[in-house]
Every structure is written in C-alpha cells, then in structure tokens.
Amino acid sequence: MAAAGAACGGDAPRAPCAFSPGGCRSLALCGPDGRLRVWDTPSSRLQHEYVPSAHLSAACTCLAWAPPGGRQPPSKEGPQRKKRKSEAAEAGEQFDLLAIGTAVGSILLYSTVKGELQSKLDGGHDNRINSVRWHQDNGCLYSCSEDKHIVEWNTQTCKVKCKWKGDNSSVSCLCISPDGKMLLSAGRTIKLWDLETKEIYRNFTGHATAVSALLFTTVRPPNESQPFDGITGLYFLSGAARDRLLSVWQIRSDRKDKNAVMSFTVTDEPVFVDLTMSESKEEPVKLAVVCRDGQLHLFEHILNGYCKKPLTSNCTIQIATSGKDSDATPKPVPILAAAFCSDKQSLLLVYGNTLQPIIERVSLNTTESHICLIRDVQKTMALQTEMSVTKVKTPVVNKEAKVLVPGIPGHSATIKSQSSGMQKIESKRKPGDKEDSIEDRLGAMDIDTVKIKTKGGLPQTDSFAVLLVQGLESNDPNILNKVLQTRKDALIKNTIAKIPVHAVIPLLHEITKRLQGHPYSASHMVRWLKSVFTIHASYLSTLPDLVPQLGMLYQLMESRVKTLQKLSRLHGKLYLIITQVAALEKIQDATDINQTAKLVYEEESSEDGSEDEMIADKDSDENWDEDEEKGEQSDDERGEQSDEQEMAVEKEINGESDLDPENESEEE
C-alpha cells in the first residue's frame, strides 16, 4: 500500500496535492486560483470542483484524505435500532472526507460524496496550517502550524481535543506511526511524541532547513528476534526545503544515536514523495521523489543499517514534447506528482498544468537509468476536453440573441453568421466589377473587434484592457507602448479596473521595468502604478510572495527617494543664490531719484486767517495786561468805540465804504 506525502516548502510553493488511500483512485489538487479539484485517476476526468468562500485570502496550504474506515459515524438512539438508508449512506461517506488546511489557521472538511463542505475546524491555530494528518483508527485529526503548536481535533464535535507546543519555531510536518501510538513532528529538528502522554519519546538531529516531508518506511523492524514494542527499530524518511538529500532515520531504544543512518541524493528540492512500505526484512523499499525541476527519481533499497555514502537513484524519468509539429525544439513537461499503484510495479504520473493536469499510468519494467517520455501535451489536453464535453448539448441560438463568451465583460461582439456576410458581399458586386479580396470580405464580416472606436476617435476602455492583457501575454512592445503611453487619468483608472486579476502581477513587472528607464517615462509610469495599487490592493494583499516579487520596485523607490532629499537641498541653495543675485542686479540698475517736489500748493486764506488770529490773540493778551496795570476804561469811551464800529459795519453792508484813501479825504 502506497503512502503519499506532499512537500510545499521553498521560495515558490507548489500546489498541494494528495492521492486517495486504497488504490489512488482520486487525486485532490488545489490550484493557484484557490479552487479545490478532485480528479478521477483512471479516466482523468474532473469529479468535483470546490471554491472556498475566502479562497483568495485563505489559500489552501495542505491536503489529507481520511483513511478508509477511520472516521466512526456518530451513534444515534442506541445500537439496537435498525439503520436507515440515510445512515447507511453516511457510513459510506466517511471514506471520502478530505481535510484542507488554510493559510489563516482554519481547517475545512470536504465531503466528495456530498460534493460540499461538511464542517469547519476553527479556534485551534492562529497562523498558517503547514500539515494535517488523520489517525488511522480513532478518526482524530492532527495539525501543525506556524504558531509552534500541534492540535489534536475531534472531528465529530469539531472541537480541539488537545493542544501542545511542538517546537520553539514553526512546526512544518507531521506523521503518525503504523501502530497509531506515536507521532512524528518536525520543524528543523524531528521529535517523536507519545500520543497518550504528549511527551517526547525521542529527538533526532533533523535538517538545516524546515522539514517538508515525513514518512514511515517500514512496518516491522529488520531484526525480528527481539520482542517488538511497536516503534523501536522502525525506519522513517525525511526531506527538507532547499535540501537535495533525503535522510533515513532509525528509531533505537538507546538515546545516544540521533543521526541519520543513510541518505538519498536527488537533483533538486523534493516537492512530492511516495513510497511502498517494507513489510519484511527481505522486501526492499521503493521510493518515488518528484523534484522542483520536474524530474522523477526512483530508488529501490533494502534498509539494513548504516550506509555512509548517499545513494543515487536507480532510474530518472523526464517528460518532454516531441518538437515536430509546432516547435522546432522539444520542451520539458514538469511532473507534478507520482504515486505507486497497488501492484507496486507501475506508477501514476501527474504532469502538465495544475489547472488541467494529465494523469497517466506507466509501467516500471525497465532497467534503464534514464527514461525520457515523449508526450504531446496539447493533443492529450484537447482529447480530454473533447471527452469531457461530449455530453454537453449545444443550444439553438436565435439571430437576435447576444452570445456572452467567457472573459472580460463587454468584450464579445455579436456573432454574425458567415453566410449573411457573404450574401452582403455578393449583393454589392456588379457584373463589371472585380472580385473582392479576402481582406475586404473579412472587413465586411467585422471580425476585428478591437477596432471599435468612440465618437471622439479614441479606443474604448474595454479595448484598452483587452489590448493590455494581450500585450502582457504576448510580451509585444508595440501593443504595450500604445496602451501605456496614455496620459488621461480617467482612462488609466478604468483600464486598470477592467483587467483580470491574473494580469496584475505581470503589469507590475512591466511598470517596474519601465520605471528603470528614462525619467520622463518614469514620471508617467507612476500614474499607472498608483492606479494598480489603489484598485487592486485587496488582491495584492492576499499574495504570500508579494514582497520578493516587488523587491526591485522597493529598491528603486528607495534610491529615488534618497536622491530626492539631496536634490531638494541643492534646489534650495541654488534658489537662494539666484534670488540674491537678482536682487543685487535690480539695485544696481535702478536710477537716482530726485527728492525735490515738482509742485507745491499753498492755501493763502487759511494762512492769513491764522496770522490775524494769532495777532488778535497777542493784542488781547497785551490789552489784558495793560488793563490790569492801568485799571478799567470808562464807560463813555467804551460806548463811543462801539458806536463807531456799528456805523462802519452799516457802511460796509450798504456799500458806502470806499477803500480809496482819496475818497476818504474828500468826504472828510
């Protein structure tokens, strides 16, 4: 019986996948879009597709199938009551439970029989789930996380049964012993726990990096003369991230030896490991290791103690295209996973794309050290698609109906039949005209939907988004220059809002590349960068590897900002000097100003009146002093003076007074 284990360590994690126990009839694969797909391995058909409600923020990190008969159905009203049909169906559903670990610390239990989510385990972890493992007897589920803890779950009540600290750093992998009494956990060091007491039974050295695969390789120890306690003498295998050696450890009764007894060497980091367990000392262990470079290494070795040198693979399998039809050179096809079949003489290979994988059974009856399988991936995928859609009925579409095709909304033009277009062309021809070219006929059928123009003559935002996606996929500089040279902010925002999510990261890489160029183009690219970050911020925040992908952009912005401080200081100094020089030149160029007044105006009446008043005041003061000295004048003198004054005033009023002194003398 094969035991499968997936490894998802490294800088760019691979899609987690797991084969179902008991013959590997199903393959669970979680793609980069966050969707869970269950494939039927004999027919390579898609059985189930499940989209979690928070599949973008809570991405799937690990998978584990429930063992056959491992989950006990809940008891109802006593054992003597006869079972209903629904309860009998529920007893059969226990074989098809799939545990899904997420990046936010929750675990989902998906039923492939019902095709829906059965329950959710929450509250045990507060960080990313690294591994989930089912107990083969009591139906319990064990999980480890980045929060350094291991949790034992009761899957019937969906509650935490026990929780304990597994390591000083994150716990990355778990494995349960064949008898179900021990648990292996690993971060960088490997620990063997007693499941009853939750105490450490043995410690092992481990790897320099986080362990990503743990598998028991034997059921019984090689030396059967001694009494077997269920764990002593057993071998287990471990693989780690960025480590090209898989180590084999032996559980001994003494606590002195903590190092590996042997190791297997591969070409790259292991991402998926499967093996056939050895049930006797004469039976060798068969090991299949899928590496990150897409190769498969096969090992066959009898575990019998120490081996100093690392063991190399007996056979290496690669898959490539033929290179005859479309491409001149063959291209390698990556292998995603591999599992031994029940006969232990053949392999199930999963290769190609994670969204549409190809599953093939390959025989192992060969002695060659290197095998390269030639496969036409495009033809096989087309054949699978045709087989899967044979039962789909094509509806009869009316001419007036508008057909919506997958893609960005609003980009599908109405489908016009070829016959109607040809009839229009034929009707326009006259007996003396020449036959139209193919280009004219295609133009009449309106196939080119990208040439849709608005009233102002500019392309629409829809066509801009389509052009941008096409340019990013084909890496065409002409299309990208046409779109990215747009300067209207509204058009930029609408274009960014209409592009699909998968085009956001390629667009950021293209903008980063253009920011490194001329400063004139960099100032323009900042507008696009701002729109991408404001509109697609929610999607970018869900990417776990966003920081390394935007490392170049961070460095570029930091260098620009550092230079900006120096430039601003230099600008301030230059501005101060220029203003001082301009002020001095202005002072030197200015002419001397004449301070004398050109016109002076004096008001005589006011000045004369003021002088008379001053004289009168002086006279009154003098008279006042004389009066004080000489005494008061007589009343007669005062009366004569007043009469003379009254007569003079009357003469002036009547006009009799004459200023001429001659007239005055004549009158006298």
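Just so you know, glycine gets a Cβ as well, placed from its N, Cα and C.
According to TrEMBL:
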type	residues	note
REGION	67-88	region 'Disordered'
REPEAT	122-157	repeat 'WD'
REGION	415-436	region 'Disordered'
COMPBIAS	425-436	compositional bias 'Basic and acidic residues'
DOMAIN	475-577	domain 'Small-subunit processome Utp12'
REGION	601-668	region 'Disordered'
COMPBIAS	602-647	compositional bias 'Acidic residues'
COMPBIAS	655-668	compositional bias 'Acidic residues'
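Helix, strand and coil content of the domain 'Small-subunit processome Utp12' (475-577), in residues and according to DSSP, is 85 helix, 0 strand, 18 coil. DSSP states for the repeat 'WD' (122-157), grouped as helix (H, G, I), strand (E, B) and coil, give 0 helix, 17 strand, 19 coil. Per-residue pLDDT, averaged across the domain 'Small-subunit processome Utp12' (475-577), gives 84.
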